[in-house]
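Swiss-Prot annotations:
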ACT_SITE  Asp13  active site, proton acceptor
ACT_SITE  His41  active site, proton donor
BINDING   12-18, 40-42, Arg304, 330-332, 412-414  GTP binding site
BINDING   Asp13, Glu14, Gly15, Lys16, Asn38, Ala39, Gly40, His41, Thr128, Arg142, Gln223, Thr238, Arg302  IMP binding site
BINDING   Val298, Asn299, Thr300, Gly301, Arg302, Lys303, Arg304  substrate binding site
Amino acid sequence: MAAIVIVGAQWGDEGKGKATDILGGLVDYVVKPNGGNNAGHTVVVGGEKYELKLLPAGVLSETATPILGNGVVINLEALFEEIDGLEARGADASRLRISANAHLVAPYHQVMDRVQERFLGKRAIGTTGRGIGPTYADKVSRVGIRVQDIFDESILRQKVESALDYKNQVLVKMYNRKAIVAEEIVQYFLSYADRLRPMVIDATLVLNEALDQGKHVLMEGGQATMLDVDHGTYPFVTSSNPTAGGASVGSGIGPTKITSSLGIIKAYTTRVGAGPFPTELFDKWGEYLQTVGGEVGVNTGRKRRCGWYDSVIARYASRVNGFTDYFLTKLDVLTGIGEIPICVAYDVDGVRHDEMPLTQSEFHHATPIFETMPAWDEDITDCKTFEDLPQKAQDYVRRLEELSGARFSYIGVGPGRDQTIVLHDVLEG
């Protein structure tokens, strides 16, 4: 039995899709425990590039059963568009299963998301506008719509009307928008009921029975540690807990059953949207990483902010997730750049911080303290073992490992599934 949780260790876009694609073919179930269609990822299989938004990368596995867990918020229109798009390219999404307890994104959630961001103006968080935050807000306010609700029209209508009683007051009186008609929302959900019904399961029961039978489960977290609503750079965060603890809650797999916590981390750092970013680059090297690394958001098309590797964040992510292993990605992007700065600590008002500063204000004013290592000039994209890497690349990886709080078990040297060096197999412990 193995229950492995995959967690982004930075601000997202670390390459979680690649890690899931590699491990997904070796497990029985791949579960997405949190998030929605607000965080895309790219997977390259057989030379074909797939851009996924709501579905877990495990949907491309030929053997694993992909599951959307109870912690996911699901836009049904986006779900079936993504399924249809995959099947049009020959992929088989028929094994997909969905927790009956997952919450649904309603059209009014997207409306609320957009008007709230517009109202905030310069104070806007920079959401994707897909209604994820308002859906989670309804969940914790106990007025959300769950997957199971669309199979009982009476309950569905009651819940939609209840939710809109308040939202229409806000839309009309505060934002000067038209009221949303409840019956239109009800019919929107009902139109998907027949297609959705065969996919719906008691995911917690299925997954725990699988583990009891000695099967392997992979939990594919969305977003990343620094976007966690509790542990991230609040308020510039997502609305869920994309950390290892959140994966347990969002899948229904108890924390004592998790055998490995695998952090995914880039050989440099990126971020999308607003918020503090100590190692951010505003010079030619920022543009270089953006261009060579292909740092454009899958979901939004926005260019990612780029900076050097931040070991303070890595140590923090190791701590809050209990990482047993790291999967380092995009090492190849650093080939030929001369020297590579590594952030080893922060300076905050003249005081050195080796760990995350206590307050948001301190983090916002943190200045990185760098040490520098020489880069390598050799092409590493065909390297199959750690020993195949140039010595300077080996030294860089080992230094990151020393600084980051967990062993480096996988090293990505290119975008392809086969462009990965395996030092330790997390399925073997």
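Note: Cβ is positioned from N, Cα and C throughout, glycine not excepted.
Annotated features taken from Swiss-Prot, shown on the structure.
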{"residue": "Gly12", "record": "GTP binding site", "contacts (Cβ under 8 Å, 6+ apart)": "Ala39, Gln223, Ala224, Leu227, Thr270, Arg271, Val272"}
{"residue": "Arg302", "record": "IMP binding site", "contacts (Cβ under 8 Å, 6+ apart)": "Val272, Gly273, Val296"}
{"residue": "Arg304", "record": "substrate binding site", "contacts (Cβ under 8 Å, 6+ apart)": "Asp13, Thr270, Arg271, Val272, Gln290, Glu295, Val296, Gly297"}
{"residue": "Val413", "record": "GTP binding site", "contacts (Cβ under 8 Å, 6+ apart)": "Leu331, Asp332, Ile380, Thr381, Asp382, Cys383, Leu389, Gln419, Thr420, Ile421"}
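Listed binding-site residues near the residue listed as 'active site, proton donor': Lys18 (candidates Lys18, Thr128, Gly301, Lys303; Cα-Cα distance within 10 Å). All protein chains shown were included, and the count of other CB atoms within 10 Å of the CB of Leu331 (GTP binding site) stands at 25. Reduced to three states, the DSSP call for Lys18 (GTP binding site) is helix. Of all the binding-site residues in the record (Asn38, Gly40, Thr128, Gly301, Lys303), the one with the smallest CA separation from Gly15 (GTP binding site) is Gly40. For Thr42 (GTP binding site), the nearest neighbour among the listed binding-site residues (Thr128, Gly301, Lys303), judged by C-alpha distance, is Gly301.
Closest to Asn38 (IMP binding site) by Cα-Cα distance, out of the binding-site residues Lys18, Gly301, Lys303, is Gly301. Counting neighbouring Cβ atoms within 10 Å of each of the recorded positions (Asp13, Asn38, Thr128, Gln223), the lowest count belongs to Thr128. Geometry remark: Lys303 (substrate binding site) versus Gly40 (IMP binding site), CA distance 14 Å. Comparing Gly40 (IMP binding site) with Lys18 (GTP binding site), their Cα atoms are 12 Å apart once rounded. Of the recorded residues, Thr128 (IMP binding site) and Gly301 (substrate binding site) place their C-alpha atoms 10 Å from one another.
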